[in-house]
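Engineer: So TrEMBL lists the following for this protein:
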- A:309-331: region 'Disordered' (REGION)
- A:6-27: transmembrane segment (TRANSMEM)
- A:34-67: transmembrane segment (TRANSMEM)
- A:79-98: transmembrane segment (TRANSMEM)
- A:105-122: transmembrane segment (TRANSMEM)
- A:152-169: transmembrane segment (TRANSMEM)
- A:203-228: transmembrane segment (TRANSMEM)
- A:240-265: transmembrane segment (TRANSMEM)
- A:272-291: transmembrane segment (TRANSMEM)
Amino acid sequence: MSTRSVIVFLLVVALLAAAPFVVYPVFLMKALLFALFASAFNLLLGYVGLLSFGHAAFFGFAAYVSAHVVKVWEWGPEGGIVAGTAVAAALGLVFGWLAIRRQGIYFAMVTLALAQMVYFVSLQASFTHGEDGIQAVPRRPLFGIVDISDNLSLYFFVAVVAVAGMLLVRRAIHSPFGEVLRAIRENEQRARSLGFRVDRYKLLAFVLSAALAGVAGSTKILVFQLASLSDVEWMMSGEVVLMALIGGMGTVWGPALGAVVIVAMQNYLAQFGAMVTILQGIIFVAVVLLFRRGIVGEALAFWEKRRKAGAADDTASATLPERQGKAAPGE
Amino acid sequence: MAEVAIRTENLSVSFAGFRAVDGVDLSVEAGTIHALIGPNGAGKTTCFNLITKFIRPSSGRIWLGEQDITALEPDAVARLGMVRSFQISAVFPGLSVLENVRVALQPTLGVTFQFWRSNRILRRLDDQAMALLDRVGMAAVAGERAADLSYGRKRVLEIATTLALDPSVLLLDEPMAGMGAEDVAMVANLIREVGRNRTILMVEHNLSVVADLSDRITVLQRGQILAEGSYAEVSSDRRVIEAYMGEEVTDA
Ligand SMILES: Nc1ncnc2c1ncn2[C@@H]1O[C@H](COP(=O)(O)OP(=O)(O)OP(=O)(O)O)[C@@H](O)[C@H]1O
Ligand SMILES: [Mg+2]
């Protein structure tokens, strides 16, 4: 890691450590988990170019599984997260296997249809308790020893999980695997002609994305002590699309920022009731029409433009030799 | 009988009733440079697409060496050592020139599915990628985005990327189209050089290049083989001259 990224990392850690003393921890936990959810979703949308319209299934069903094993089977929170994540990954394998052969709108339709089936199961199955959901999920001690029953200590646990998950997404993007994904997104036919089994790479990306969405969902039940239908609903699948687009799909941190923006709006504008939905709609339309790259994407593009203009000035005035180094990957 | 690298038997495909490739029996001898020529729309690219499995034949069979590849997927064919280039330049536009070549080399490291690892490991391939770029005279632009290259240079990059796989059989679809004279000469030399220990099947409209490079030529017209033989044989064939309407072949 360069010194600059170490400094940025330490700053973020300090900020996250200080935040719960200033802002309500439950809000922070919600924002962090949605940030992870949106980042996981973006691994697929931004880096493979696949628009899933069924990610609520992974998020919401993982929540049910986690809540069930913690409440009924009396597992610890870490067990709940592992179980929820594993089930989300398995669902991801099935969804992915069925959907990745389709392109564009058909891919989105297949994921939506499958997610609706998961919703239906969640509505009908007995362990999910229908409209009531799984309520009063206990906050057992972490690994049987660490008390996380109060919001502040839970916050630190959730922050570690969410940040670790987002760092894994970032790593996957900047990994050898991520490099192949980039090639596939740039020119799928060419990638195939070079011998890459394109479907397998897409499938792995899908499973990773689903599993990390599952991490977010199964951790969320510790915060709210509740798993409910609202997390498996298609509206939730739509919301995560919105988060990624607002923040900037195809940027590493954009979707996380988009998630924070949306969660903050829902939180602080809750008093205005239905207005929030309308406002979200307006923002969505504005982003699609005016700021297609999203907040982070537009900011990066702006910087890049200034940097290029600056570099052009440099070469013009001093005729510096052209730099060989590659531009730093978008953060 | 010499060893055969590619063989097709009664290869045919129809698009909405139109037989773009119609009963082609092609045989490419191993270790030779074989040219596939013919007027526009003759079905040359479609033949390539069939042989590399990018489209499914309506009928017929295809062999790569001894192996029947009729039922395989395009990526599997590539892994067997038959790699193609495309008529319309096919690079990864958003990747740098170096990254374009490097991604093709990546499977040699066996890390293509490793998502938990930093892509810094790929730097191990940089020397090899640079050597390939050097070979096609593109080392100086290694850091540039492929999208920013001229059309001709993209084609050259595509050839370098194809060579990165070290294929035993190469299919080049109009490799010199859109290139400047300098690159045409460079690529011709390159094809001759790499063709020494590989099989090359090449579609090319530049007939002087074809005459110069190829051991054998197959002429395609309306999806069917019209003639086959050495350049001298083919260029003196009346039907071939007619097919080209007496222009190119006679004065080449
Ligand atoms: N996917 C397709 N759908 C319908 N028709 C097609 C398709 N691909 C090719 N064709 C038709 O098949 C015929 C052969 O096309 P092909 O591209 O193979 O010709 P070619 O010999 O490569 O010509 P050129 O020298 O112009 O590249 C053409 O008439 C073309 O219009
Ligand atoms: Mg063609």
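Sequential numbering from 1, following the chain as shown.
Even glycines carry a Cβ here, placed using N, Cα and C.
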Engineer: For the transmembrane segment (A:105-122) against the transmembrane segment (A:240-265), do we get 3 or more Cβ-Cβ pairs below 8 Å once near-sequence pairs (under 6 apart) are dropped?
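Structural biologist: Checked: the transmembrane segment (A:105-122) vs the transmembrane segment (A:240-265), no contact.
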Engineer: Residue list, the transmembrane segment (A:79-98) vs rest of chain: Cβ under 8 Å, 6 or more residues beyond ends.
Structural biologist: 52, 54, 57-59, 61-67, 69-70, 110-111, 114-115, 118, 161, 202-203, 206-215, 217-219, 221-222
Engineer: Under 8 angstroms, Cβ to Cβ: which one of A:34-67, A:152-169, A:240-265 has the largest number of such pairs with the transmembrane segment (A:203-228)?
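Structural biologist: Looking only at A:34-67, A:152-169, A:240-265, the most contacts with the transmembrane segment (A:203-228) come from A:34-67.
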Engineer: Of the stretches A:34-67, A:152-169, A:240-265, which racks up the most C-beta pairs under 8 Å with the transmembrane segment (A:6-27)?
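Structural biologist: The listed stretch sharing the most Cβ pairs with the transmembrane segment (A:6-27) is A:152-169.
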